[in-house]
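Under the heading transmembrane segment, Swiss-Prot lists 16-36, 63-83, 91-111, 128-148, 158-178, 286-306, 322-339, 400-420, 512-532, 890-910, 937-957, 1026-1046 (among others), citing sequence analysis as support. If you look up Swiss-Prot, you'll see 286-567 marked as domain 'ABC transmembrane type-1 1'. For Gly636, Thr637, Val638, Gly639, Ser640, Gly641, Lys642, Ser643, the entry in Swiss-Prot reads ATP 1 binding site, with the evidence type sequence analysis. The annotation region 'Disordered' is assigned in Swiss-Prot to 840-876. Feature annotation from Swiss-Prot assigns compositional bias 'Basic and acidic residues' to 844-863. Annotated domain 'ABC transmembrane type-1 2' per Swiss-Prot: 900-1182, in sequence order, evidence recorded as sequence analysis. Residues or ranges marked as domain 'ABC transporter 2' in Swiss-Prot (evidence: sequence analysis): 1219-1453. Annotation source Swiss-Prot lists ATP 2 binding site at Gly1253, Arg1254, Thr1255, Gly1256, Cys1257, Gly1258, Lys1259, Ser1260.
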Amino acid sequence: MENPIDSLLLQPIYLSVLSFFLNLVLLLILFGSWLFKKRVACEDTDAIMNEEFKHISFSYNKLVLICCVSLSVFYSVLSLLSCLHWHTNGWPFLDLLLAALTWGSISVYLFGRYTNSCEQKVLFLLRVWWVFFFVVSCYHLVVDFVLYKKQEMVSVHFVISDLVGVCAGLFLCCSCLWKKGEGERIDLLKEPLLSSAESSDNEEVTAPFSKAGILSRMSFSWMSPLITLGNEKIIDIKDVPQLDRSDTTESLFWIFRSKLEWDDGERRITTFKLIKALFLSVWRDIVLSALLAFVYTVSCYVAPYLMDNFVQYLNGNRQYKNQGYVLVTTFFVAKLVECQTQRQWFFRGQKAGLGMRSVLVSMIYEKGLTLPCHSKQGHTSGEIINLMAVDADRISAFSWFMHDPWILVLQVSLALWILYKSLGLGSIAAFPATILVMLANYPFAKLEEKFQSSLMKSKDNRMKKTSEVLLNMKILKLQGWEMKFLSKILELRHIEAGWLKKFVYNSSAINSVLWAAPSFISATAFGACLLLKIPLESGKILAALATFRILQGPIYKLPETISMIVQTKVSLNRIASFLCLDDLQQDVVGRLPSGSSEMAVEISNGTFSWDDSSPIPTLRDMNFKVSQGMNVAICGTVGSGKSSLLSSILGEVPKISGNLKVCGRKAYIAQSPWIQSGKVEENILFGKPMEREWYDRVLEACSLNKDLEILPFHDQTVIGERGINLSGGQKQRIQIARALYQDADIYLFDDPFSAVDAHTGSHLFKEVLLGLLRHKTVIYVTHQVEFLPEADLILVMKDGKITQAGKYHEILDSGTDFMELVGAHTEALATIDSCETGYASEKSTTDKENEVLHHKEKQENGSDNKPSGQLVQEEEREKGKVGFTVYKKYMALAYGGAVIPLILVVQVLFQLLSIGSNYWMTWVTPVSKDVEPPVSGFTLILVYVLLAVASSFCILIRALLVAMTGFKMATELFTQMHLRIFRASMSFFDATPMGRILNRASTDQSVADLRLPGQFAYVAIAAINILGIIGVIVQVAWQVLIVFIPVVAACAWYRQYYISAARELARLAGISRSPVVHHFSETLSGITTIRSFDQEPRFRGDIMRLSDCYSRLKFHSTGAMEWLCFRLELLSTFAFASSLVILVSAPEGVINPSLAGLAITYALNLNTLQATLIWTLCDLENKMISVERMLQYTNIPSEPPLVIETTRPEKSWPSRGEITICNLQVRYGPHLPMVLHGLTCTFPGGLKTGIVGRTGCGKSTLIQTLFRIVEPAAGEIRIDGINILSIGLHDLRSRLSIIPQDPTMFEGTIRSNLDPLEEYTDDQIWEALDNCQLGDEVRKKELKLDSPVSENGQNWSVGQRQLVCLGRVLLKRSKLLVLDEATASIDTATDNLIQETLRHHFADCTVITIAHRISSVIDSDMVLLLDQGLIKEHDSPARLLEDRSSLFSKLVAEYTTSSESKSKRS
């Protein structure tokens, strides 16, 4: 018995009544609004309205207006035809008449609208009405189809009316959600009042997407100019339009942050709250894409629903004239809707994903800016960069899949409904079969989450170590340790690869189950029909098969969806966990505005500790006051807490107790210089505008003018990463210049003078501290006692406490700590006095002679010549298409490519079995009940099941082969790339920002690990699938080739037209990622400096700008892809419709209805499959750019061999340690100027040689050449008669020892830092620690030699790090030792002890010392003085000091005069 409610709902008359009353209500509201406006109208309303309408944007308001007018005209015509031609009356006629009146009223209302507050409510109501209209029209259309299926008469004009209503309603609903360029919702009913000038300005900055009309957006024609440009030239980054302002990172970030903080009063960020804030920041795109996904899903099932009717029509069961063409039209319209909604869905989803990535990158960066140092020790730079480079990208990629879970539920529901209509009760078995498939995947999904989490942790560990190694590559090469650390990274990769292997094989299992699912579900349903004795007819079978084929897509995609859900969940958890870390305490420092207090710095009962859990605080009992304008010096032994005190004033050290107040703006000069990659000028300005006069004064005070003249591009020279092309002294003085230029109130100097020579140090102290900063508050840490007498207050520190405080003469006799420091300094001066003849020159004379000397050598060296190039070059970018060689090399990585043909064979076999099973079901089932089936039901199901099992087995084999091959290729690519990176020369690292390398090691490697194998497999699967479909269709009606051949040609042409622009957009997007990673890494390393200058907003703006650069390239790359896919799907849809027309036009009986139905079943997916194949091919090429970039690094020129077997030196080499240099010429690159100019000298074996000279004169370059870090351009160096160029690098570097200028420690333990090669016993290590004055410090630690060392040794002071480096050489005991500013960061007393240790342990060794402290080289046997890359003097110190005109004598005089004069003034 029929349900009465269903009967009621299906009566057209009741639908007409409902529609009539909805129209009537809206008319009454519009009439009431009109009356209200008449009462409150102003005199100038008409003028405003007319002016407003004059500037209405055609792309929005007029299209909506035209749509409403068209509907009014349409319903008017339809009502007249109903009355005059069809003789319809009653409610249907009244409904059409009132609809015409309603849409006419809306049109008049829109044309004459006003902009008052009351109006907004009416505008909102119109939007609601449009949604209702769309829903009611859809319901009308459904009723039409149901009535049609019941073979009841349906009026044609009703069907036409409902179709027009659905299309117009969809357009009006979509228009409600479109946005405008200024970041606000487009009000389709209201435009802002803009003058012509303002409109013009707005058009100049608005992106093409925001200016595009509705038709342009629907067809993606707004991308056509850029794609056309890509065919005319190679697209550069300046050719790509900007993002719309509402889509910029800044706009989205502040929305995201406000939602996150508003929802999180406790500052506790959970994964759910993070998801919620992400959704609210891009909700419009997500909601619109969800609506489009819903319409797409419904439209996909129109064809299966009508499949039985189509087969019956071909079989001769025709219900009315032209039924075939009506069916073809319905199929065609459904496919058009499917095409349009899918493309817009994907585009909007990816747009939302880009927005989420932007806000996450900015939020992670923002967190990095507020992260205290103790939190950073738990999360290294590599881990944080991984969050930004991998996890944020993964969440962005999830936008492809975010609607899939609920869409799958909808699709399964629709499929079960259609199956029920086709198979009756037998379809019920499909439901438990589907549930069983889902349950079978549950354990695999849980394993996937576990494997993914472990995979990301292991990736973090690898990236952490990679980042640390790249940062310290120079010291690794100097020590000959690079291959040892490479093996550590390969071990970490091996652990990662273990989890990766489990992950990909688990994914293969999921893949196999779900790919076999459609066959399993269909076999279950058909078997149930057999058991229930439900007759199987070909029409119903084909409807079921068509449903299963549509269901195949989401089911096949389900493994990837599950994988992405798991990966995204892990990434969200990791980011949420990171964002939950404690921020830097804001209440550590009480900040007062400039000039509000006489006290600049005041600490009362202060206790500070880097580690809250430590029983012994870092600083305790801190009590002192610093008045405005005071000079305060801080001194003490290594590790006494000097740098920590400055960090406490900056607010970097957590406060345990006490009060700290700071009045005014701060500037900070770190002990280890932090220099940004960029121009020298940019480093000095540091965000402030150029003031030329002040800028020149700063350069003069910092003694930088001479250095800038030497640099190839003066202050426009681009500094390499970490200032690699500058000397230590130059970096320090640029850092000082940066602080001076800020014109702050309080200056904090952390021992900046130790990195420069005595003359430069004295000049800086006089011109900076006593000159430009004479009226400023200055607090400086120093180990140089000669700079103490000028201080208004001296703080002497020991073990984290201030032991003495006062002026120089007040504390000189009041305690032993200060006396020890001064005594050591006096002893050093006495050593110098015993060597020199007492000559001391006047400084003015020295300066004058230096100027003459500089001018003369500038002429000799040709430094006025034009420079030939910058050290840091733009990132390499391939041009044109990705070459076949890249594909060939990539595929050959796994077993020489032998597995690839096997995968193709398995896939072809699977395709044949799949088509065969469906062909079998179609062939043996009768067209109608009247025809006797040729085989029994048991045979029918048995053969189908056997074919399905065989095809499932092929799926399993294919999945395993793809996983195995992809894993092998990714692993080999990783190994080859890293091997070449570690074997690259230092010139590569000098010219390549670390971010570029990390980008390849993280993002590009992730693509190779997880994305590329699946992409390759899908291309093969889709291509073979398409060939199979075309084969099936051609077998039925070969005439379709007439249509397919030109369509395929057109598709190929479109692909070729598109790929030029798309390829370059993808490359530019890949390149634009590196600056983001590099900026991130650079910021984390200099975070203390950035915070001290209050530069967080500027750096936040920089990361947003860099993120926007990537987003706009990715956005337009996505737009280009959808531009192509839309056109391909449109062509395929026309081809599909043409095929249907051929089938229905054929004479009855010519075409087998069952086979024709099978052909249509396969053809239903042809448009999507063909477009997806082309899209995947293009995306594969874009993804192959990652492989291309990694392969670039497998072709990096390597250093000379590590070992040359034929010329290996004896184990005792070098036995004497004699170094002979002949005509040595050195430059840092072929395009860079010469640094050393023809040096010739000899370092006698067993003697100690000191190398001195002004900052930047070439001292460190000479040492780098000795270790072959830089290869000579000409000349040679011989050690004990062996040319160092003739032996392997490892044999050379492992026989030499060096304490480098920049002390380096690696994450690990004290033991692993002293003995990374594990060659020495604990007793030997303890002996080395005692000799380098660190033994007692390490014994205090609970874990002794296993005490932890954090990333870059951040939990040890710079001086202690330098002592650890000294401990390494004491263990190694090489015959030749180089000290490159080895004691620059330690106090004089410790320096004297170390010098004594070196004299004792290296008495018979050749020792080369570079030092700015004259006391460190004065007792050398020989002194070599360099100036601008030339040897000026080379003799014993005594002989040089005898010659009062020698440059060395003048250097010593400057040092002693400066020190003694300051001591006397005290």
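Using N, Cα and C of the backbone, Cβ positions are placed for all residues, glycine too.
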Original post:
In this structure, which of the binding-site residues Gly636, Gly639, Gly641, Gly1253, Gly1258 has the fewest other Cβ atoms within 10 Å of its Cβ?
Top reply: Gly639
**OP:** Would you mind listing the long-range same-chain contacts of the transmembrane segment (512-532), meaning Cβ under 8 Å and 6+ residues beyond its ends?
**Re:** 419, 423-430, 433-434, 437, 440-441, 444, 541, 544-545, 548-549, 551-552, 555-556, 558-559, 914, 917, 921, 937-938, 940-941, 944-945, 948, 951-952, 955-956, 959
**OP:** State the Cα to Cα distance, in Å, between Gly636 (ATP 1 binding site) and Arg1254 (ATP 2 binding site), rounded to an integer.
**Re:** 27
Subject >> Beyond the flanks of the transmembrane segment (322-339) by 6 or more, those residues with Cβ under 8 Å of it >> reply: 163, 295-296, 299-300, 302-303, 306, 309-310, 313, 1126, 1129-1130, 1133, 1136-1137, 1140-1141, 1144-1145, 1167-1168
**OP:** Identify, in sequence order, the residues in the chain of Ser643 (ATP 1 binding site) that are 6 or more apart from it along the sequence and have a CB within less than 8 Å of its CB; answer 'none' if there are none.
**Re:** Gln671, Asp750, Asp751, Val781, Ser1357, Val1358
**OP:** Could you check what DSSP calls Lys1259 (ATP 2 binding site) once collapsed to helix, strand or coil?
**Re:** helix
Original post:
Taking the Cα atoms as reference points, how far is Val638 (ATP 1 binding site) from Lys1259 (ATP 2 binding site) in Å?
Top reply: 26
Subject >> Stretch-averaged pLDDT - the domain 'ABC transporter 2' (1219-1453) >> reply: 83
**OP:** Would you identify the secondary structure of Ser643 (ATP 1 binding site) according to DSSP, in three states?
**Re:** helix
Original post:
Between Lys642 (ATP 1 binding site) and Arg1254 (ATP 2 binding site), what C-alpha distance do you get in Å?
Top reply: 28
Original post:
Within 10 angstroms of the C-beta of Thr637 (ATP 1 binding site), what count of other C-beta atoms is obtained when all protein chains are considered?
Top reply: 22
Original post:
If you measure Cys1257 (ATP 2 binding site) to Gly639 (ATP 1 binding site) at Cα, how many Å is it?
Top reply: 31
Subject >> Residues near Ser640 (ATP 1 binding site) in space but at least six apart in sequence (CB under 8 A) >> reply: Met797, Lys798, Asp799, Gly800
Subject >> Cβ atoms near Lys1259 (ATP 2 binding site) (within 10 Å, other residues, all chains) >> reply: 27
Subject >> Gly641 (ATP 1 binding site) to Ser1260 (ATP 2 binding site) - Cα separation in whole Å >> reply: 30
